[in-house]
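Asks: I'd like to ask some things about the structure below.
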Amino acid sequence: MNGVRKLWGGGSSSTSSPTPPTPVPATPVTPTSISIAPSTLPASEGSPLTTTPGLFIKKNKKQSSVASVTDAGNGNDANGSDRSASPASSRVTSPLRKPVPTPTPVPGPSSPRILPPLQSRTSTASGWKRTSGLLNIRDDLLMSLLTSEAIVESRECEILSGEEVEELKKEHQILKIRLAAAQRKLKLETKIRDAALSLSKMLQNAESTAAQTELWRVSERANEVERKLLEHRTGVLGFSVAKMERKMTPSGDASGLNTPNRSSAFSPVTTTSPPPKARFDGAHLFAGHADAQIPKAPPSVNDVVALEDKLRAATEALSIANQKQAEMARELSHLRLEKEQIETTMGMELQTAEETVAALEQEFPRLEELNAKCQGLLEERAQWEKDKTQLAAREKEVERLERRLEVLEEQSSEATEMERALSDMQAKCDAELQKKDEEVAALKTEWEDAKEEWEAEKAVMEEDKLAELGALQDELEDAREEWEAERTMLEENKFTELGALQDELDNARAGGEARAELDEATETTSDYHAAAWYPDVPRYILAGSNCLAALQGHSDRHARLGDDLRKEDNAQLEVQSLESRVKELIDTSSTPSEPPVEYTGEAADIIAILQPIWNILPAPELRASKLNSKRHLRNPSMVSNTGGSSPLPSPSKSTLSDMDVRALKTLYDTRPQPPTPTSATSRSPQKQNKGTFSVEAFVSRVQALVIDDRALIDRLIRFAQAHDLLKKNAERAQKLAQESNTALETYQRQVLTLERQNASLVSKQNALMDEIRDLQDAIERAVCETREMEMHAADQAETCRQLTEANSSLSAKTLTLAEEAAAAPEKVRKQLEAQLAECTEALRKAREEVDGMRMSEQTQKIALLDELNSVQTENGNLRAQLRAKK
C-alpha cells in the first residue's frame with residue numbers, strides 16, 4: 001500500500017512534464033492520484049500526521065526511517081510526495097500482501113496494544129491483489145488498466161451531497177483531534193495504571209479501561225467517517241472519468257470508429273468488462289440499411305478555419321486554467337503554512353495541558369483524601385440534620401402525647417362512671433337472665449307435661465283405633481264366611497242345573513234343525529260362562545280383600561260393586577235369553593201340541609179380566625230359565641258335552657231371591673226390550689208369556705209372584721242392614737281419623753310455638769351475653785389504653801430528656817466540626833507534609849534495612865561457602881583415608 005502511495009505520488013509529480021494542449025486529458029490525472037492514494041486526505045484538508053497500516057504492521061527499519069524522514073521533512077503532511085521531484089521515487093517495490101484492517105483497541109486489564117495512527121482509507125473492494133516487482137508508472141497500458149479497474153470498482157460507492165461532505169469533513173477533523181488526544185490520554189492512563197498496580201491502587205484501572213473504551217469508540221467513528229468520505233470521492237472520480245471518456249470519444253469519422261463496439265473498445269472503463277450484448281453491429285456497413293452511415297466528405301477550407309479557431313480558443317482557455325491552477329497552488333501552500341502554524345500552536349497548548357494534567361494527577365491523591373474527609377463531614381452534617389429533624393418530630397410527638405394524656409385523664413373519670421353504669425347494667429342483665437332462665441325452665445316443664453299428655457292421648461287413640469279395626473276385621477271375616485257359604489251353595493246348584501240341562505240337550509239331539517240350534521246355544525252359553533262367570537270369581541276375591549281397607553275407601557268399594565252388579569245383570573240377561581230359547585226349542589220338540597181350553601159364559605168374562613194380568617205375569621218356565629241362567633253364570637265347573645266343544649250346567653233347584661234385581665225387572669217389564677246378542681237364537685219374554693191361559697197356570701204365576709216379592713223384601717232388608725252397618729263404620733272411622741288429624745295438628749302447633757319461643761329466648765340471651773361481653777371488652781380496652789398511655793408518656797418524657805442531651809452534644813460537636821472545617825486546608829496540608837516526611841523517612845529506613853539485609857546475606861553466603869569448602873576438604877581427606885584402609 002505504501003508503495004502504491006509513493007507510486008501515485010511520483011505520478012503526481014510527473015504531471016509537470018509537457019502535456020498535450022488539449023485540456024480534457026490533463027484534468028483526470030490529479031484526481032486519479034488523489035483517489036487511489038490510500039494515505040490520508042489531501043493536504044488542503046489539513047490532515048495530521050498519519051501512517052498507513054502496511055507500514056505499521058510489517059515494519060522495516062529502512063522504510064520506517066525513510067518514512068519518518070519524509071514525514072519530518074514534509075511537516076506532518078501525508079502528501080509530501082507531491083513536493084519531491086526525485087526520480088528515484090518513481091520506482092518502488094510493493095510487498096505481496098492483502099490489506100489489513102485497522103486494529104481495534106479492546107479495553108482490558110492488561111496493557112493495551114500500541115495502536116497505529118488513523119487509517120487513511122478503508123478499501124471497499126473485496127480483496128485487492130497486487131503483483132510483486134517493479135511498477136513503471138510510465139507504462140500507459142498498465143496505468144489505463146489500473147484506472148479502469150478502480151473506476152469499475154468505484155461504481156458501488158455512494159456519492160453524497162455537498163452539505164453532507166462538508167459535515168463529514170468537519171466531523172472527521174474533530175474526530176482526528178479527539179483520537180490523538182485519546183491516544184495520548186490512553187498512554188498516560190496506562191503509565192498511571194502501571195504505577196498504581198505497583199502501589200496496589202486499583203482506582204486507576206477503571207480509568208484506564210474507560211480511556212481504552214473511549215479511544216476505541218472515537219477511532220471507530222473516525223474510520224467510518226473517513227470511509228464514507230473516501231467512498232464519496234471514489235464515486236465522484238469514477239463518474240467524472242467515465243463522463244470525460246464519453247466526451248473524449250470522437251463524434252465520428254469515415255472509418256466507422258463511432259460505432260458502439262469500437263468506441264467502447266478504446267475506453268479504459270470498458271476494457272475490464274465484456275459488452276452487455278453480443279449482437280451483430282456491422283449493419284451500418286451495408287448500403288440501403290436504416291442505420292447505414294455515409295462517409296463524410298473531406299473537410300473544406302471553412303471547416304479547417306473553424307477548427308483552428310476552436311483550437312486557439314481551447315489554447316487560451318488552457319492558459320487561463322494553468323494560471324488559475326498556479327494561483328490555487330500558491331493558495332494551497334499558504335494554507336499549508338497556516339496549518340503547520342496552527343498545529344505547532346496546538347501542540348504547545350497540548351503540551352501545556354498535559355503538564356497541567358500531570359500536576360493535577362500528582363495532587364489527585366491529596367485531593368482524594370480531602371474529598372473523603374469532606375464527604376465524612378458532609379455525612380456527619382447530614383446525620384446531624386437528620387437527628388435535628390427527628391428531635392423536632394419527637395418534641396411535637398411529646399406535645400401531642402401530653403395533650404392526649406390530658407384527654408385520657410378526663411376520659412378516665414368518664415370511664416369510672418361508665419364502669420359504675422356498666423356494673424348496674426350487668427346486675428340488671430343478670431336479673432333479667434335469671435328471670436328468663438326461670439321462664440325457660442317453666443316452659444320446658446310445660447312442654448314436657450304437654451308431651452306426656454299427648455303421648456298418653458296418642459296411646460289411648462291408638463288402642464281405640466286398633467279395637468275398631470279388630471271389630472271391622474271380624475265383621476269382614478264374618479261377611480267373607482257368609483259369602484263363601486253362598487258361593488259354594490250356588491256352585492252346587494249350578495252343577496246340578498248344568499247336569500239337568502245336559503240331559504235335556506242329549507234328549508233333544510234327535511231333531512236336525514233343533515240339534516243345530518241347540519249346539520249353537522250350548523256354545524254361546526259356554527262362551528258367556530267363560531267370559532262373564534270366571535272373571536267374576538277373582539273379582540269377588542279382590543272385593544273381599546278390599547273390605548280390609550274399608551276405612552280408606554268405602555265409596556270406591558260401593559262404586560266397584562255397582563259396576564260388578566251391572567256387568568252380572570247384563571251377563572245374566574244374555575244367558576237367560578239363551579236358556580229360554582233352548583227351553584222353548586226343547587218344549588216344542590218334546591211335548592206334543594194340545595188344543596187350548598175354551599171358556600164360555602161367566603168364566604170367559606173372568607178369563608177376559610184376568611188375561612191382561614196373565615200377560616203381565618211371567619211364566620214359571622221363564623222364571624226357571626232365569627234361575628238356571630243365574631246358576632249357570634255362577635258355576636265354576638263345566639262338563640263337556642258329547643262333542644266336547646261346550647260346557648253344560650247340571651240341573652239343580654233354586655229360589656228367586658238368588659236372582660238379580662235387574663233380571664226380575666226384565667221378567668215383569670211388559671215394554672219392548674232392546675235387542676241382545678242372543679236375539680237371533682232366543683225369543684223375547686213377552687212371546688213366552690203368551691201361552692195358553694188356564695186357571696192352574698195363572699195360580700202358579702201368582703204364587704211365583706208372591707214368592708218373588710217375599711224374596712225381594714228379604715234381600716232388600718239384608719242389603720239395607722249391611723249398608724247401614726258399613727255407613728256407620730265408615731263414619732266412625734272418618735270421625736276417628738279427623739279427630740286424630742286435629743289432635744296431631746294441635747300438637748304440631750304447640751311444638752312450633754314452643755320452638756319459636758325457645759329460639760327467641762335463646763337469641764335474646766345471646767344478645768344480652770354479647771352486650772355484656774362487649775361492655776367488658778370496652779372496659780378492658782379503656783384500662784389497657786390508660787396504662788399504655790401512662791407508660792408511653794413516661795417513655796416520651798425520657799426520650800425528650802435524651803433528645804435534649806443529644807441536641808446539646810450535637811450542637812457542641814457541630815461547632816467543633818465547623819471550626820475544624822475552617823482550619824481543615826492548612827491543617828490537612830501540614831498533616832500531608834508530615835505524612836510525606838514520615839513516608840520519606842520510612843522509605844529511607846526501609847532502604848537501609850534492605851541494604852543491611854543484602855550485606856548480611858552476602859556475608860552469610862561467604863561464610864557458608866567457606867564452610868562448604870572446608871567440609872569438601874574434610875570429605876576428600878576421609879575418602880582418601882577410606883581408600884588407604886581398603
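Count begins at 1; order follows the chain as displayed.
Every residue, even glycine, has its Cβ placed from backbone N, Cα and C.
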Asks: Of 506-561, 674-729, 730-785, which range does TrEMBL call coiled coil?
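Replies: So the range that TrEMBL calls coiled coil is 730-785.
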Asks: Pick from 213-240, 829-856, 857-884: which range does TrEMBL record as coiled coil?
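Replies: That would be 829-856, the stretch labelled coiled coil in TrEMBL.
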Asks: Within the coiled coil (829-856) only, compute the mean pLDDT.
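Replies: Result for the coiled coil (829-856): average pLDDT 81.
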Asks: As a quick check of your reading of DSSP, tell me how many residues in the domain 'Up-regulated during septation protein 1' (143-205) are helical, how many are strand and how many are coil.
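Replies: So the counts come to 54 helix, 0 strand, 9 coil.
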